[in-house]
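Student: I have a structure I would like to understand better, so I am pasting it below and will then ask my questions one at a time.
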Amino acid sequence: MPLCAKASNPGPSESRIKPLRGGSRVLARPASVSLFNRPETTVEQQALLPVSQSALLSRSFQTSAVSRDIDTAAKFIGAGAATVGVAGSGAGIGTVFGSLIIGYARNPSLKQQLFSYAILGFALSEAMGLFCLMVAFLILFAM
């Protein structure tokens with residue numbers, strides 16, 4: 001008989017899942033199975049269970065101090081990276097007004113048109129800086 005047929009049709013003396021000894025079967029199950037499909041037991045019922053099963057049934061997700069410190073550090077790093085855009089906004093504003101001065105020096109008759117373009121460039125550059133600052137605050141306080 002081929003091996004695959006024997007594996008799919010076990011004989012009467014063979015079983016598909018071989019039982020493990022004692023509490024080792026509970027420890028061999030994935031954590032998701034034991035957490036999501038766990039029976040609700042009382043304290044009296046847990047006292048009658050072996051120590052390994054009792055600890056597994058009462059186990060839940062907990063956040064350690066180290067995990068919280070890592071999350072806090074990640075928030076600070078992300079907020080710092082988001083505020084780098086504010087420096088780009090400052091450089092953009094400097095470039096806009098520097099170009100305004102150069103353009104006015106070359107052609108003073110276009111003063112009003114150059115100034116309206118400069119205000120538009122200033123507003124767009126400042127908006128990008130404020131968006132970067134908003135993202136930094138969202139990372140720090142909303143997550």
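A Cβ is built for glycine as well, from the same backbone N, Cα and C atoms used for every other residue.
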Student: In TrEMBL, which of the ranges 1-20, 41-60 has the region 'Disordered' annotation?
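Tutor: Based on what TrEMBL states, region 'Disordered' spans 1-20.
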Student: So what's near the transmembrane segment (76-102) in sequence-distant terms, Cβ-Cβ under 8 Å and 6+ beyond its ends?
Tutor: 114-115, 117-118, 121-122, 125-126, 128-133, 135-137, 139-140
Student: For a three-state summary based on DSSP, what are the helix, strand and coil counts in the domain 'V-ATPase proteolipid subunit C-like' (77-139)?
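Tutor: Across the domain 'V-ATPase proteolipid subunit C-like' (77-139), DSSP assigns the residues as follows: 61 helix, 0 strand, 2 coil.
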Student: Mean pLDDT for the domain 'V-ATPase proteolipid subunit C-like' (77-139), rounded to an integer?
Tutor: 94
